[in-house]
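Some features that TrEMBL has for this protein:
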BINDING   Asp30, Asp32, Asp246  Mg(2+) binding site
ACT_SITE  Asp30  active site, nucleophile
ACT_SITE  Asp32  active site, proton donor
BINDING   Lys222  substrate binding site
Amino acid sequence: MFKSAVFDLKHAEKEQVKEFLNSFDTVLSDCDGVLWIDNNAIPGSADTMNYFRKIGKRVFFVTNNSTKIRSDFALKAQQLGFIADENEILSTSYLVAHYLKSIGFKKKVYLIGSNGIGDELNAVGIKHVGVGPDHVKPDFKSLKPTDLDSEVGAVVVGFDEHVSYPKFMKAASYLASEDCLFVATNTDERFPKSSSIVVPGSGTLVRAVETCSERKALVLGKPHEYIRKYLESCGLNPARTLMIGDRCNTDIEFGVRCGFQTLLVLTGVTSTRDLEKIRKEQIAPLPDVVLPKLGDLLEIVKS
Ligand SMILES: [Mg+2]
């Protein structure tokens, strides 16, 4: 009943909501725009996530954000009222470290990114260089082969507020070697908008490095399927998994690609108007179910 069109759960009967709740065992939720916005919890989200846990669901927090380590994400979630353990946090900073460790990577990473990724790499014993400013010199093309680190065997690109031309030159120079791995956290175009200022996201940097290296990155974050493979190794059944998100082109696309059920909430990036546009123009996959906010689910159950 939930697969053929977008089902507005807000107007569902209590029995339909119960049937929906019985249709999955695992809940994956995006964070920003679903559970919280910046440092403010979205009303009702914590109670609903904690309720999922109470009725026996496994819960994971899935975020494309690469600027924090898992324990910091878990702490933030706990401070905002969510029951959360760091093992339930699937951030792209962690996925980068997990991926490189899983393939037995022993060399050094050239990192266009932040300490979030750097600290996760440290935790699995992988060395890295590149975090922090790398200023443009008067002669912007003045990079020499001796400026490159011969131990580097992978370029990782995530969010980096210190991104600069020398960083692009180094990344592309390392990637000129076919043996050098190319891994990216995510390809989000922008940060969620809170004013008229556009804040470019990691995708901006990934596309720049792809362009100058003439290579394609292995992208680990949503909507790519690496997370499903990771979770299948923890016993996840895709057909009985619900993905909750606020963006059709990352969260819902990810859920659809992985064979999960999908729930869109309208507290973040995708608005009611966007959803109508997506429905008409078919520019992104539609969710199975929609709710104005996650907390509405618990209100219906308890009504
Ligand atoms: Mg989001």
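Each position is counted from 1, following the chain as shown.
Cβ coordinates are placed from backbone N, Cα and C, and glycine is handled just like the others.
TrEMBL: automatically predicted annotations, no manual curation.
Here the features listed in TrEMBL are placed on the structure.
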{"residue": "Asp30", "record": "Mg(2+) binding site", "DSSP class": "coil"}
{"residue": "Lys222", "record": "substrate binding site", "DSSP class": "coil"}
{"residue": "Asp246", "record": "Mg(2+) binding site", "DSSP class": "coil"}
Other CB atoms, at most 10 A from the CB of the residue listed as 'substrate binding site': 30
Environment of Asp30, Asp32, Asp246, the listed Mg(2+) site - residues of the same chain whose CB lies within 8 A of the CB centroid: Cys31, Gly33, Val34, Leu35, Thr63, Pro192, Gly245, Arg247, Asp251, Gly268, Val269
Among Asp30, Asp32, the one of these binding-site residues whose Cβ has the fewest neighbouring Cβ atoms within 10 Å: Asp32
Packing count at Asp246 (Mg(2+) binding site) (other Cβ atoms within 10 Å of its Cβ): 27
Inter-residue Cα distance where the pair is the residue listed as 'substrate binding site' and Asp32 (Mg(2+) binding site), in Å: 13
Integer Cα-Cα distance in angstrom, Asp30 (Mg(2+) binding site) to Lys222 (substrate binding site): 10
Cβ under 6 Å from ligand 1: qualifying binding-site residues of Asp30, Asp32, Lys222, Asp246: Asp30, Asp32, Asp246
